[in-house]
Each structure stands twice: as C-alpha cells, then as structure tokens.
Amino acid sequence: MNSGPACATADILVAPPPELRRSEPSSLLIRLLPVVMSVATVGVMVTVFLPGSPATRHPTFLAFPMMMLVSLVVTAVTGRGRRHVSGIHNDRVDYLGYLSVLRTSVTQTAAAQHVSLNWTHPDPATLWTLIGGPRMWERRPGAADFCRIRVGVGSAPLATRLVVGQLPPAQRADPVTRAALRCFLAAHATIADAPIAIPLRVGGPIAIDGDPTKVRGLLRAMICQLAVWHSPEELLIAGVVSDRNRAHWDWLKWLPHNQHPNACDALGPAPMVYSTLAEMQNALAATVLAHVVAIVDTAERGNGAITGVITIEVGARRDGAPPVVRCAGEVTALACPDQLEPQDALVCARRLAAHRVGHSGRTFIRGSGWAELVGIGDVAAFDPSTLWRNVNQHDRLRVPIGVTPDGTAVQLDIKEAAEQGMGPHGLCVGATGSGKSELLRTIALGMMARNSPEVLNLLLVDFKGGATFLDLAGAPHVAAVITNLAEEAPLVARMQDALAGEMSRRQQLLRMAGHLVSVTAYQRARQTGAQLPCLPILFIVVDEFSELLSQHPEFVDVFLAIGRVGRSLGMHLLLASQRLDEGRLRGLETHLSYRMCLKTWSASESRNVLGTQDAYQLPNTPGAGLLQTETGELIRFQTAFVSGPLRRASPSAVHPVAPPSVRPFTTHAAAPVTAGPVGGTAEVPTPTVLHAVLDRLVGHGPAAHQVWLPPLDEPPMLGALLRDAEPAQAELAVPIGIVDRPFEQSRVPLTIDLSGAAGNVAVVGAPQTGKSTALRTLIMALAATHDAGRVQFYCLDFGGGALAQVDELPHVGAVAGRAQPQLASRMLAELESAVRFREAFFRDHGIDSVARYRQLRAKSAAESFADIFLVIDGWASLRQEFAALEESIVALAAQGLSFGVHVALSAARWAEIRPSLRDQIGSRIELRLADPADSELDRRQAQRVPVDRPGRGLSRDGMHMVIALPDLDGVALRRRSGDPVAPPIPLLPARVDYDSVVARAGDELGAHILLGLEERRGQPVAVDFGRHPHLLVLGDNECGKTAALRTLCREIVRTHTAARAQLLIVDFRHTLLDVIESEHMGGYVSSPAALGAKLSSLVDLLQARMPAPDVSQAQLRARSWWSGPDIYVVVDDYDLVAVSSGNPLMVLLEYLPHARDLGLHLVVARRSGGAARALFEPVLASLRDLGCRALLMSGRPDEGALFGSSRPMPLPPGRGILVTGAGDEQLVQVAWSPPP
C-alpha cells in the first residue's frame, strides 16, 4: 500500500484538575499584628479622653478611635480569606491556560487525522482520478485495510486518545476546572465529518436497509471503492440481481473484477451477473478464489452466509429513509451515507475496463528515436506514472527536442537560470515548411511525457487556426487549445482576459499560502506537507504570435506582463512565428532567455532572432534548427519526429479468425459465435508516436485547471441548465442562460431575479437576435420551477408568433395576437382589476409588501395569488397598432410590482421604450444591437457581440452571455403540473338570452334582480338595489341601454310581487312601451307634463314615509314605520328629460340620500356623449356622490374616467362595465330581452 499522510496515534495524557486549596495557618508575626494594633488603638482612646483633650470639647473626635477599632477587626477577619480565594483563582487560571495550549495540539492532531482518513478513504466521487495511478489496486489481502470500505462520513474517535490522570476526590475537586475538563473532553474526544469505514470480512451477510435509491447509490460507491483499491486477481465482484433490477447494475459488466476467471462466452470472459444465488454458486464452484463480493438485489434475501463469498444485500425497503447497515448482528445507521450516481459509477467502471494485471497489449517499436530520447523505450509498455516518479529535480521541465549532428541529445530546459535552466520564456521562428509545427508538437509531447500534470500544464494557442495542437487537446496536461483567433476577433479579447485572470488567480493562491514570493516556494511548501491546492507550471505556447500582434497590437501588454511576473507566478511563455518583423516585440525581447530558429526566408530574419545569419544558411531539411541559450551559445539540432507512424512488432504467427460481428454487450451471457471462412485481412490503421503516447497519458494524473473554457458558440439547453443550477435564493430567481467570465475562468448561470424591484423585464436586440426565444426561455424557466399557482403568464404576441408555442403550458392563461384586439384589451383590463383587488386585499389584511405576502402564502394556502406576468413580444408593434393600451401597460409596470404583477417585453432598440416605462424596468437583457452605440450596458463590449448568433448578448455587468434554448416540453410540464392552471381570460358571448341567464342563476341567485353574465367566471350577475338603491347606465346610441332597462324591468317584476315593487317608467321616446303588462306598473310617463303630475304624487308619498320624531330606533332599523311597495323610477333617455328649461326629477333630489329607507330607487339611462359634463348636473351629481352603481356601456375614451378608474371604450352592443365601487369593476353582457 502507498503510504499516506502520517497521523499521530499515541495517547495524550491530560492533567487532572487541581484540588481546592486548604486554609494555611498564619505566621506568628501576622497573628501578633492585631494585638499590637489593638494596644495602639487603646492608647489612642486613652489619649483622647485625657482632660483638656479635643474630645472633651468636641465629642465628634470619639468617632476616630472607634473607626480604627472596627477597621482592625474587619481586617483581621477577612484578610486571611482573601488570600485563600486568590490562590484558588490563580490555580484555575493556570489550568485553563494549560487546557488552551492542549486544545491547540489536539486540534492539529484532528486536522492531521482528517487528512489521513480522507487520503485512505477519499470521497467515492473522486475515485476515477486514481485509476491508472500508483494507488490503484494498492490494497493487498494481508493489509489491515483490505476489504475495509468507506460508507459515509460522521463522527470518529480522535486518533490520539485523551487519557485523564487520577482525579481528586469529589469533595476536594474544583467545580470550575472540572467542568472545563468535561467540556474539553466532550469537544475533542471525537472529530466530525470523518470518513466512516466498515470491514466486509465479518463472516456473515451484510444487508443495507432503507430507501432503494439511496441504498443503491451507497452500494455503487462501495463497489467502485472495491474495484479501485483491490486487484481483480485478489477480489472479484459478482452480482445477483433480478431481471427487474438488472438495469441498475448493467454497469458492472465493465469492471475487470466482474469478468469470470475461467468461463467465457462469445464476447470474451463471461460477466458474473446472475439471477439467483444458486446460479452464482454453481458458476463459481470450480473456481478457487481468495475473495468474492456479491451484490444481491433480488427478493431472495437472508439465505445465510455463503462460503468464500461476501454478500451485500439490498435489504428491507423503507422509502425516504437513510440507509442502515446490518452486519454481524450490529446495526449501523448512516446519517450522511456516501452516494454515487449511476453515470459516475459507469465512468469509473469504464476507466477501469482498460486495465488488467500484467496486460501489455500490442508491442510497439520506437518512432524516429523520440521515445529513446525521452527515456520511454517501448511506448506500449510506457507507464507515465512510473516515469514521472523517476524524474529528478534536474530533469523537471527539461525535455529533449532533437539531436546534434554527432547524435547527442539536445535538451530544452525551461526552468529558471537559478535552477540551472535556460529561463522561463523563449522564442521559436521558422519559415513555412521548416518543421516549426513539428518542433512545437515535440516540445509539448515531451513536456507531458516527462512531467506530471501536477508539475506542468500547457496552454496551446494557434492564432491562425491550424492543426498544430488539435491532437493534444485530450491530454490531462492541457489546460486549453485555443485556435482560429484570426477569424474571431472577440476571442482575442477573451483570451487576454483569461490570461490576466490566471495571473490574478496565481497571485491570490500565493497570498493565501502565506504571502509566498514564487511558485517554487509554493511547491516547496506543498512538499513539506502544507495542505495547498496544486499549482503547476503553466507553459504557454503561442503559434503565429506575430500575426496576433499585427492585428491586435494591444496584446503585447499581456505578453509583457507574463514576461515580468511569469517567472514568480510559474507562467512560462514560448512565442512562435514564421517570421519576426523588426520592432514587433516592442520590449518583450528582454524577457526571452532562449531562442530556437529553424530555416528562415532571409538572413535579416535570422539576425533579428539570433543576431547572426546562421539560420538562413541551414539546410532545407525540415526540423533543422539552432538553439541559442541566454549565454549566446548556438546549438545545431535536428528535431525529433513524433508525427510519424509507430512501427509494430512483427507477429510470430498469424491465426485465422472469424469475421467480426456486432453483438450487444450486456450482463447476460452471449451466445457463441460460429466461425466462418476467413476472408481478406483488413488493414489496421497504424497510429503515430504522438497518438500512441497521448493514449497512454489519458487517465494519468489530475486534469489541468481550465484556463480557457469553450466560447459561447452553442447556446445551452434550458433543461440541462435547470438541472445543474443551484437552489434559488429568491422566490422568482431562475437561470435563463450562461454568462461567460473569462477573467474568473468560469461560466455562471445568467440568473434573473424577478422577486424584487427588478421584477419587470426588457429584452432588446436587433431583428433575428433571439428576443422571442429569450421571452420563451424566461416563461419556460419560471414554469419549470414554479407551479401554475405561483406564476401565471398572459402574452401579447406581436412578433413572429413565437409565444404561441407556450400556449399549452398550464401557467399560460392566454396568448393574444394582432387579430385579437378584444382579447388584448380584456387581458389588460383583467390585470388592472387584479392590481386593484390585490391592493384592497393587502390593505384589508395589513400586508405591507408583496414579499411579505409571499412569505404568508408559503405558510398558508388561503387567498393564494400567483405572480402574474404580462409578456409582450414586439413593443413597437403594440404601440403602433394598439396605442390605447400603452398607457395602461406603463401604469401596470409602475404599480404592479407592489402586488405581484410584472411586465416583460421585447423591443428592437432602447429608444422604442419611453423613459416613463424604461425607468420601471429593472431586469434588462441586451442582445446584439443594430447599432452598438445604442447600448445601455457597455458600448465597447456591444461591438464584440458576434453576428448571426441568436441569443448572444451582454449581461447587466457587461459580460458576454447566451440565452438558453427552451427545450422543455410544454405537454410534459402540463402533465407534471396538473393542478392548478392559470385562469383563462374570460370572453363574453356577443349575445346572451334573458331566459338562459335566469335558468343559469339557480334558486339562490335567481331570487335577485339579474342583469346578465359577468366575464370573470361567466356566471350571472345581480344588481342589489337593497345595498345600492340607484343605477346609472351610460352609453352611446345603439349600445343597448334601453335593452338593459327592459331586462331590469322584467327582473323586478319576476322577483317581486306587486305589493313589494311598483315601477314608474319615464319613456319620452316610447321605447319601453308594453314592457310590463301587470299590476306592477305604477305609471308610464311619455311627456314632461305627465311626468310632473306623477312626480308630485310620488313626492307626497315619499314625504309621508319620512320618519316622524316618535319613530323608535328598532323601527328605523327594521324600516317598519311605513308600509307599501318600493318605487322604481326607470328613466330612459335622461338627456331628453333633463333639459335646459328644467329637470322635473329635481323634486326627488332631497329624497335621494334617504332612498334606501324610503323605498325609492332611481334607474337612469343616458347617452355617454358629454357625460363628463352632465355628471355635474344636480341629480346625476347626487347619484355619483351617493356611490350609486353605474353600467358603462360603449363610449368614447376621451370622456375620461366617469365612474371608478375605467374610461369608456368601444364595446359590442349589450356589453358594459358594471362599477360598484373603487376597485370593484366587472365586464358584463346584459341579458337580451326582446321588445314586446
């Protein structure tokens, strides 16, 4: 076994707490001192009482000797006690200080134990990094940790046992220090979050009870540990699974431990996955094995121990419960069990599948001498880990690049001169065809073969986008391969940020490690045991750097920064180019300590590089070059060739084989293959030295830190983004894209938080930049993370129809297009009504903010309101085609956030959004703009947003981002969400019959006076004349005012007897003739003269009903001081009645405030033209002041708000807005009652 970090195990002896001190006898001097003082006090008192003393004249002097006597007594009594208490206090301080020092030692021991335990039993999720390394299969049968497997993390005893010395007797013990010792032992006797391991070789079956998903996750972690730590020659892993559960264990087939040592099928060694325990016993009966671990996931459990087999059963099913391990009669509950996902177990198994004990594969012969130069020899037998361990400090960062004419190896050493190297930074120049690309590949491959990824990482840059480094991308050493920068100018700035970010990251690591001065000191600290993250040398190779600087001259500042601080930060630079123009380096040449020059086009180019023309005189042989060190020495060399084919060893014999066939690879045994005649032999492609070595490097060492993450070329899928996202910190925070942060070397979700002041959204971008997709992504993200009871959407689609694709979501109440103006208007009206209703609700319930309401909603389902989003795709089109809605939307954006109503819109330019609305938008998503100068985020960065990349844009902080594609299935969301759904926008029918409204009302509502159907729920709506005694109907001509009066008259007759209701109909245009043919008719007036007479008698009746002074309160409450029917005065065409010459109805003005008590009801219909002015007429003004109901039918909006907050608007005949008070408005369709 590889030795891990050491951990102390010797017991720590803890000193016991001190005993309480005994009282010590005072010395003779101290005992005599009170006597002496007493004598002195008596002498003073005698002196005081002598004749002629001041005491004889002033008795107050007697107090002084008395005070001396009292002070003496007190001092004598308490002095000894203070000394005793002071001694105990000092003992306590000393002991507590001792515990403090001991605590530091114990804490260090616990930290070292943590490191040791995590090294011995690492997290199963990291096991794949150990495959192929020196620790793989390290545990041998004789070792103490053989078959000892981690199962989770928890509390473990401290490695150094705390042993307390002999405690003093309880009666003599100091309670303070004893309590401190007890707390110290309780706190440090165990360590938390330590790996918990159990032995599997216990002589009996092991069962794990609990939730099946968690149990299988724990078993996957245990199996992968067994496979990584133990050789397949010493431990085999079998599976006994039912057909129902076989899919959970299909990944076992990849483990070399699961291959039968003797039995074979058509695909090779038979996988040891069986259906029953008996089948497994029969299959292994003839096999002599040291250890077999069998996973049992069937209904066949508890059959006892099987000789030579360790069985681990999926035990009793307990849904939702954590796993519990039952082993040898002991039950171990796991509070934090290990879990390994199926895909992670599959990755681990497939990595192990490439390894066999003693397996060497095909034999390869060296290619062009490179393998011998590096010290590899046979590439097939090349073990990178072994070579890396054998590389000494001198050979670190030192690699052969070729040979001199006499065959001596030429070494390139990029260590500092202080370490006998050539320096960290260098230059490579060579003309086309000179072998420059091959030299760069040789250097990169040699560096990777000689140095572990923990020592060296590479960042490979090819400005022109050639194939120089493409094959190296898969090596563990390679932090990134960056190509094709010439065609993607924004990527150059991105690389500049990435390199600057890497310098910043390394500086921060050095500061955190104790303000170390260099990476060398950092690595030295790690070697001495400091727990620091790996910080390898970063070797940056830039090909065609001259072209890079010619197009982006500002990039030289990055090279200069690396040249200045790269030595201490461990960032080494190699610049390569076909030619070196004079003055191109601009001060960088002082940092280049070594130079390699291949064949050049001219002598001047050679002199620019080497100071001589020797490179121009080199032969035309590719790979011929010169190496110049910092001392000026020139070394001629011929580059090693790594791109040539790798010669194979000649086979000793050729055996005919059956033609290959495709077979499924499963855990079931495969049927044998019938060999057919051997046809022609297919030629096997010969790998190159480069590819063969790269194949051997894969899986060895940790992956390099990613300095360069892939650009945002392809938008992510929303489903994957939501799966990988961390839990939201706010109610309405959802990820909708990815933000690229090259300086931080990370990609972070573009999270939009709509729960606060940023609840309104604007997506702005040029045509075809993905605005509609961004809105759909926002809708789908919220719908996927919230049910329809929490978020709801109402969409106005004036773009290309993209929002119609979300109509199937349960969260979407309606989608209105250009051809649906009524639905669009109703949608705005409903949202405005929702805001008013919620405002009243918040006020009535003392809710001060929507955030507070969301907290209350989470605790109680009562009165649950969803956050409502008005989504508008195509703001400019809406302003042009539905200008009347703009003001309502602006008001909604300004007021709605306080009550959970949001606005999200898209526009082509920021200028399309007026400042009054733009100021209300807190979340701004800026895609590519037609003119980057219009950007409100970052005009310079807006120029770098690529064209023809829909979804690309800038985040709020000016970083590049891409919007995710909404790949979620709306039907699936509907199935998953189920209940509830967003209420649809109710649309009234063009006509509703009177009889159907009465039939629909039922018995309870049918007893009231019905008006028609209301839009919200499509239910009949009643007019309560008991609560609101008057009704005013306003509307244009032919809008249905008279039909509304006709319906009301018939409803009064239907719901009241003649003794309870009488109607006085004022109808100057004779439109209500014969509407009532019963005893309910109290009078029909068709002229002003007749009206005066009728009203005169009505006034007398009302005056008689006025309460007399002797009417009691009970009579007033019951309205019983008069009897008779209620009088309904129905006036059609009020504008014909109230003329300039006078208004006969003025006689009723004084009775209107008392109408409810007097049984008077005034129902007035008037045209809406001039209604804003007419409402100041005394009768109508009184009605409005009294809060009467109003039915606003079709009218002109320029009249303004007549009743409530609603303006008149064009409406179909028979339709109107019934206003009953502030915030209580509903659209109704008046029941159609045909004329007689």
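Glycine too: its Cβ is placed from the backbone N, Cα and C atoms.
Not measured: the values here are computed from a predicted model.
Long-range Cβ neighbours of GLY430 (ATP binding site) (same chain, at least 6 residues apart, Cβ-Cβ under 8 Å): LYS436, LEU439, ALA576, GLN578, CYS597, LEU598, LYS599, THR600, GLY625. Under the heading ATP binding site, Swiss-Prot lists 430-437, 765-772, 1035-1042.
The feature domain 'FtsK 1' is assigned by Swiss-Prot to 407-607.
Annotated domain 'FtsK 2' per Swiss-Prot: 747-936, in sequence order.
What Swiss-Prot lists as domain 'FtsK 3' is 1018-1201, and the listing cites sequence analysis. The average pLDDT computed over the domain 'FtsK 3' (1018-1201) stands at 91.
For 32-52 (among others), the entry in Swiss-Prot reads transmembrane segment, with the evidence type sequence analysis.
Summarising the annotation, Swiss-Prot assigns transmembrane segment to 59-79 (among others).
For the binding-site residues listed here (GLY433, GLY1040), the lowest count of other CB atoms within 10 A around the CB belongs to GLY433.
Using a 10 Å Cβ-Cβ cutoff, THR769 (ATP binding site) registers 27 neighbours.
Over all protein chains present, the Cβ of ASN1037 (ATP binding site) has 9 other Cβ atoms lying within 10 Å. Contacts of SER772 (ATP binding site) defined by a Cβ separation under 8 A and a same-chain sequence distance of 6+ are given as GLY799, GLY800, ALA802, LEU803, ASP873, SER906, in order along the sequence. Candidate binding-site residues: LYS436, ALA766. Fewest other C-beta atoms within 10 angstroms, ALA766. In the three-state DSSP assignment, the secondary structure recorded for GLY433 (ATP binding site) is coil.
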